[in-house]
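Going by Swiss-Prot, these are the annotated features:
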| type | residues | note |
| --- | --- | --- |
| BINDING | Gly37, Pro38, Ser39, Gly40, Ser41, Gly42, Lys43, Ser44 | ATP binding site |
| DOMAIN | 5-253 | domain 'ABC transporter' |
Amino acid sequence: MQTIIRVEKLAKTFNQHQALHAVDLNIHHGEMVALLGPSGSGKSTLLRHLSGLITGDKSAGSHIELLGRTVQREGRLARDIRKSRANTGYIFQQFNLVNRLSVLENVLIGALGSTPFWRTCFSWFTREQKQRALQALTRVGMVHFAHQRVSTLSGGQQQRVAIARALMQQAKVILADEPIASLDPESARIVMDTLRDINQNDGITVVVTLHQVDYALRYCERIVALRQGHVFYDGSSQQFDNERFDHLYRSINRVEENAKAA
C-alpha cells in the first residue's frame, strides 16, 4: 500500500513545553484517519506540521514527507513546499473563508495555485474553472447557495464550502482540524458524511482531528490517539475499546485533578 504521509522523529517544543515527542507515523493512500486525544495532546500540532504550517524542533532529526515530497526536515521547510501544499487541502475549525465574497468565489480560491498570476490579480477565472467550482458545490450539497455571501451561512454550511474549495484545488490529501468542533450534531453528521464520501468515492486521503470519539469510530477505519505528545494508540477503530478510551482520557483527567488539588 502506497505511503502518502511519512513522519519520522517529529518533536515540537513551545516555550519549554514539549508538545510532541519523537512521533513516527505512516498514512497510506485512501485512508481516512482520525487523530484523537484530549486537549493539549498534540493532535492539532501534528496536523499543522504535515502541511508545513509550523516546523518541528531543529535538533530532533525529524523528517516529514507528503506524496513523496519532503515537507520539512530537521525543522526547516523544503524549498518546494508550495508544490506539497498545492496537493493538500487544509480545513480549519473556524472555516477560514472570505466573508465578503460569495460561496462560488470562495470555492474558486481553490484554483489560485493553478491559475496564472495575472488572472488572479483580476479574479479572472475560466468558464471551465467556474464549472468545476459548481460541480464541487454540487458534491457537498451547496450549489443552491453559490451566489450567496458566505457570511450568511451557518457554520456547517461554511465547513462544506471549505471542503468544496479543497475539491476545487484538486487536493490529493485533505487535512481537517476539528472540522465539527463548533457544530450542532446534525451539521456535524453532514460534514463527516461529506468527508467520508470524497474519501471513498474520490480516493482522497483524509486525516481529521476530533474530540468526539463516537464520530471517529463511526467514520474512520483507523485511529491514531495521542497522549501528552506521544502516540498512545495506532490501529483499527474497531479495536479502540472502552479500556483504551478510559486510559487515554480519564487518566489525563485524574492528573489534572491532582494538579488542581496540589
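In case you wondered, yes, glycine gets a Cβ from its N, Cα and C as well.
Annotated features, which come from Swiss-Prot, shown on the structure.
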| residue | record | CB count, 10 Å |
| --- | --- | --- |
| Gly37 | ATP binding site | 26 |
| Pro38 | ATP binding site | 18 |
| Ser39 | ATP binding site | 9 |
| Gly40 | ATP binding site | 16 |
| Ser41 | ATP binding site | 24 |
| Gly42 | ATP binding site | 23 |
| Lys43 | ATP binding site | 27 |
| Ser44 | ATP binding site | 18 |
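Averaged across the domain 'ABC transporter' (5-253), pLDDT for the predicted model comes to 90. Other than the site residues Gly37, Pro38, Ser39, Gly40, Ser41, Gly42, Lys43, Ser44, same-chain residues with C-beta atoms no more than 8 angstroms from the centre of those residues' C-beta atoms, the ATP site, are Thr45, Leu226. In this structure, Lys43 (ATP binding site) is part of a helix by DSSP.
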